[in-house]
């Protein structure tokens, strides 16, 4: 099931639990605006190349829209629509004053030189500069983009609107980026896991973790969990998968990954089939890579008691059903991986105030937001007698619906 179908299904179930009026339900689903632009640039060899860029702005009832920009050959309008909608619910669960958006350019960034990427980013910004803005829509990095891409967008946007550091988040520190942003999603995963385990009378220390995906989120989560006494028994990334039932030496693994661009060949663990990573024996499974990896084919074989969704939409609805019958507790993506957008919000606040925070304050505020978010989700679970995914969706949809009605926007 693709991400858009699954997100719409969860939304409809939440709307039913909340007893939303059908007109209001329909208006919450329809995106505010979909933008599609052609971006033509001269390549380094003098030839011209055209790319399609777009931005889906889903909802702005609770504040400016917020969401990443991805550079990927298979940028699919359906997926971007789903991710824009997910951002609306994620910002509402985190209780930060944003709506949701998502966008990107259909290109393979690996095939483009740095100067070609810069030209492409600047042309894209020229085409959408009057549709994004500090109080309208605030982009951030996503797959295939990073702080450098944000720096180019900031510079190009500022040519039209004056110096505007708050127009994007995930910027380099030298241009107003926030300390702690790099680790934010992984650190949020740690705080979310702590809150969940606390509820079950457990702590991170002594728990056995498997992490699928050892990129920015997975590697930060591994490092912070290891520091808190958790045992990382298996990890995988694009290069391969390794396990050590006694626990991997995470500091040495991080060093190995940096030097070898992947976990493959790490001497402190045995090589395993990447496809078996999700069904390895552990207490807590953290999918931190792609969507749809936990499905009806493998759900029955999963041994973890808890799943923390660090990736977007890693569990499809069929798997949800199978796992819930097995008593597996799933911490949903719209809460579990909201640390990144929460610290993006802190970056935006710092830029608007022109006053930067130290890293300790960023991390302390993040813990406050993540802990409170879990409490809010649990309250909705109790009110509506539902699981954590529906608890998070009813919390989010209720907040957006209330803002929509209060503004007099309901159809």
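Every residue gets a Cβ built from N, Cα and C, even glycine.
The following features are taken from TrEMBL:
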type	residues	note
BINDING	66, 90, 344	substrate binding site
ACT_SITE	102	active site, proton donor
SITE	142	site 'Important for catalysis'
BINDING	185, 216	NAD(+) binding site
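This view paints the features noted in TrEMBL onto the structure.
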| residue | record | CB count, 10 Å |
| --- | --- | --- |
| 66 | substrate binding site | 29 |
| 90 | substrate binding site | 28 |
| 102 | active site, proton donor | 29 |
| 142 | site 'Important for catalysis' | 21 |
| 185 | NAD(+) binding site | 24 |
| 216 | NAD(+) binding site | 17 |
| 344 | substrate binding site | 29 |
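When the C-alpha distances from residue 185 (NAD(+) binding site) to the recorded positions 66, 90, 142, 344 are tabulated, the minimum falls on 344.
Apart from the site residues 66, 90, 344, the chain places the Cβ of 67, 87, 91, 94, 96, 98, 100, 140, 338, 340, 341, 342, 345 no farther than 8 Å from the centroid of the site's Cβ atoms, the recorded substrate location.
Cα-Cα distances to residue 102 (active site, proton donor) place 66, 142 within 10 Å, out of the recorded positions 66, 142, 344. Residue 142 (site 'Important for catalysis') and residue 66 (substrate binding site) have their C-alpha atoms 12 Å apart, to the nearest angstrom.
Taking CA atoms as the reference points, residue 90 (substrate binding site) and residue 216 (NAD(+) binding site) are 19 Å apart.
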